[in-house]
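Asks: Below: one structure in structure tokens.
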Amino acid sequence: MIQIENVKKSYTDEVAIGPLNIEIPKAGLTSLIGPNGAGKSTTLLMIGRLLDLDAGQITVANMDIATSKSKDLAKILTILRQENHFVTRLTVRQLAGFGRFPYSKGRLTQADEDIISKYIDFLDLTALENRYLDELSGGQRQRAYVAMVLCQETEYVLLDEPLNNLDVARSVQMMEHLKYAATEFGRTILTVLHDINFAAKYSDRICAMKHGQIAAFGTVEEIMKPDILTDIFETKIEILQGPYGPIAVY
Amino acid sequence: MSEFTQSNPSPVRASLPRKRRAASAFRTPKEAKHYWILLVTLLLLGLLSTYGLLVYNNPVPVTSPSFVPVVERRMVAIVAMLIAAVCQSLATVSFQSITNNRIITPSLLGFEALYSTIHTSTIFFLGAAAFVNFSGVDSFLYQVAAMVLMCLILYGWLLSGKYGNLQILLLIGIIMGTGLGSVSAFMRRLLAPSEFDLLQTRLFASVNNADAAYFPIAIPIVVVVAFLLLAHARRLNLLAMGKEVSTSLGSRHKAGVIYTLVLVSILMAISTALVGPLTFYGFLVATLTYQAAQTYDHRYVFPMAFAIAFVIITGAYFIMNHVFHAQGVVSIIIELVGGILFLIVVLRRGSL
Amino acid sequence: MVKNVMPQTAGFESIQTRHHSNKLWTWPFIAAIIAIIALGVISLFTGVYDIKGQADGKEMFFTTRVPRTLSLMLTGAAMAMAGLVMQLVTQNRLVEPTTTGTIEWSGLGLLFVYLIFPAPSLLLRMTGAILFSFIGTMLFFLLLRRVKLRSSLIVPIIGMMLGAVISAISTFIGLLFQMTQNIESWYIGSFSNIQIGRYEYLWIIVLVTVLIFICADRLTLAGLGQDVATSLGVNYNRIIFIGTALISLAVGIVAAVIGNLPFLGLIVPNIVSMFRGDDLRSNLPWVCLLGMGTIMACDILSRVLIMPFEIPVSLILGTVGSVVFILILLKQRRSKRTTR
């Protein structure tokens, strides 16, 4: 369970986030949605300890992220940002191998290698595993990063806009993988999404943010209501019942 | 398997049994083999030119009693080259990894300006006699300590707090360098031409004015720091992936960066104090290293960087001494080549 | 039902900037002009030579003091404007002749002139400096267009490394032909040698200034990139060419007549925009004035600090400038949001 209590973050006098109070239960896929500048990514970064809090407390699986050791947290929590560029040239497998760092400290055992193989196969990267990242397409690279994050075998996985720059087919594929990871591997996945309909189709829960506050939190059915979405996005939104569940139309 | 074949995740399959799958430092065994062949060749080349520098064109025959003193004098220059090679190669590679940028070098952090300020102010305020005397073990330790202390204060201050940012640190380092540079340039202008010449010889990097008296302190420090960096290699692999990824993987990024920077500044300070300022030598070495060692892993990058640094410096001195008979300009030529390589790399890069 | 999502503050701000650009002759501006005139008068009467007491005082006054004060004003305006134009074209606040290698290029140009001609005239040296600064600045702009930048801070870092490459080349050539002390003394800018007959080329700067005023808007557009500029009907390549030519004229002339004047082009436009916001056109007169004021103040300091000797003004500029530069960086770091 991720518990957020009275968390605040202020950038300037006008732009501030919080106080946030929310409990995100264990297991399943939770999506963070909301308009630009609502504070979704900031919230995610704070949970992932990439951004310091100005006030309040965040605990993940009863560990306070501010006081717990980073290497202990790395075994229960991982975060992936939307853009990663590093100058070192890595192959897909080497990148995924870094996901084992919290356990192996860089000395990979056979057990580590088996875990790496498992997730590389799961994400359909088997044939590409010895390719360099800069030789891959955007969708393939994104899956390679997800492979690294899954190799970390943490209970909690935070993803900041994993569908950024992916086309519809690649987005569907990515969400299927994430959904599968949540249900079959028992991960708790928290992801920032821009597309309400992707959130509606694949999430177990949706958390909507607006003006640095949590506007609504609940199951897909509870959030996918015209009045709630219209209010959050300040745009007229209707809900239709499609073959795979509710669809937002705007 | 193409991307298009399926949109549903495949169930987890057993690993393919055909070949051993491992995330090793090299992509293929062939690349690993290339690495080792290249490394050994470079080291042999380095040893060859070292041997050449020691005995080639020795004015006295081997049988003469003065043969050994000549070799000993040349030995000092070789040791200075070795120290410079270790310091510049390890420092530049580590620095580029933690800054996640392969076109900047630690010499940007103002060591040279500080170095030339120390020397210029010595000759300026205390006169030529004191300047010539300012070359004992104490002065060496004092110079190194001053440079490391400045870096510690700078890093500690700039990287702490919520606005910590490596690029600001770099830029401030450069600007401070320029500021100090203008102070020492002014002092230099007021010097008599004879004093200026005296200063000039010390400000140009040269293994020929390396003082053997420093070796008993410099060598142990360099060995210890080099060992610490090698032991730190796996951590560096992670730090090179940037703050966000390495934090998510459980590394205390800021602590790792500051630790690395301190080691880098010790190496740079010693190199600068021993053989004078070098700006693009480290860049030249690091850039060639990334071409030669096709791996991310610092455990393999470091030895290759050292081998390349060693070959470049000994080879350049050997060729310039014995082929062109132009001993004084070796470091300037290395700098020139490094600088031109820098231009080429920057112009060819897609992003900075 | 669609709610009005237009933020209130944006409209308010745009009215503010419009207000700025309409009024130039405000009280602060008049006060600034008076301050500049006062500094000019102080500059005229500062120096070792007793102008009022000596018989030839009046003559000395017109052969050295007046040219010196005039060239200070012209140079200050030139360097500050050059910095501003570079910042406009690159859309980067930390760019100016010292952080792009332009200064080093003009030094290399001077060196080449010294190499080719035994005793070059001022005109020759100027031509060399202008030509090489043009090449260098153009090269830097081309580089910026080619590469994708991850951070605006990397631009001055690369620029200064480029400058280091160029000075490595200069050092090498200087050492080959034994001219290193020549380069050293060139890199130090000073007004102490200015007198009638040695500064007149600086008047070209007035022309450059007028041209910059005329082109200011188009330069701002060019700074938004080739695509935006072209779609707004501006010939991008031509305006970049003109901008670079103007910068090199200013930098090259100053380099040949005075020497290296670091950071002036950086601190002046930044301080102006700190107080007045980013409306560049209406900032131009302010940049000119503050450039003049800064360099006059530094020059007066350079004459009185160790009287009867003089400190080259570039030393004071280098020291003061680097401190101000660092303060600007720290301020920017505080106000800027790195992540969101």
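Numbers here mean position along the shown chain, with the first residue as 1.
Placed from the backbone N, Cα and C atoms, the Cβ positions cover glycine too.
Note: TrEMBL annotation is automatic and uncurated.
From TrEMBL, for reference:
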- B:35-55: transmembrane segment (TRANSMEM)
- B:75-93: transmembrane segment (TRANSMEM)
- B:113-134: transmembrane segment (TRANSMEM)
- B:140-159: transmembrane segment (TRANSMEM)
- B:168-192: transmembrane segment (TRANSMEM)
- B:212-231: transmembrane segment (TRANSMEM)
- B:257-280: transmembrane segment (TRANSMEM)
- B:300-319: transmembrane segment (TRANSMEM)
- B:326-347: transmembrane segment (TRANSMEM)
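Are these features on the surface or tucked inside, and what are their neighbours?
Replies: Packing against the transmembrane segment (B:35-55) from elsewhere in the chain are residues 26, 71, 74-75, 77-78, 292-295, 300, 303-304, 307-308, 310-311, 314-315, 317-318, 321-322: each is 6 or more residues past its ends and has a CB under 8 Å from a CB in it.
Panel annotation: around the transmembrane segment (B:300-319), residues 25-26, 35, 38-39, 42-43, 45-46, 49-50, 52-53, 56, 77-78, 81-82, 84-86, 88-90, 92-93, 207, 229-230, 233, 281, 284-286, 288-290, 292-293, 327, 330, 333-334 of the same chain, lying at least six beyond its termini, place a Cβ under 8 Å from a Cβ of the stretch.
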Asks: Tell me, please, if the transmembrane segment (B:140-159) and the transmembrane segment (B:75-93) are in contact, taking contact as 3+ Cβ pairs under 8 Å between residues separated by 6 or more positions?
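Replies: No, the transmembrane segment (B:140-159) does not contact the transmembrane segment (B:75-93).
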Asks: Okay, the transmembrane segment (B:113-134) and the transmembrane segment (B:257-280): do they have at least three CB pairs under 8 Å, pairs separated by 6 or more?
Replies: yes
Asks: Examine the transmembrane segment (B:75-93) against the transmembrane segment (B:212-231) and state whether at least 3 Cβ pairs sit under 8 A, considering only residue pairs 6 or more apart.
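Replies: Output yes: the transmembrane segment (B:75-93) sits against the transmembrane segment (B:212-231).
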Asks: Which bits of the chain, at least 6 residues beyond where the transmembrane segment (B:212-231) starts or stops, bring a Cβ under 8 A of a Cβ in it?
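Replies: Non-local partners: 76, 79, 83, 86-87, 90, 94, 135-137, 140-141, 144, 260, 263, 266-267, 270, 273-274, 299, 302.
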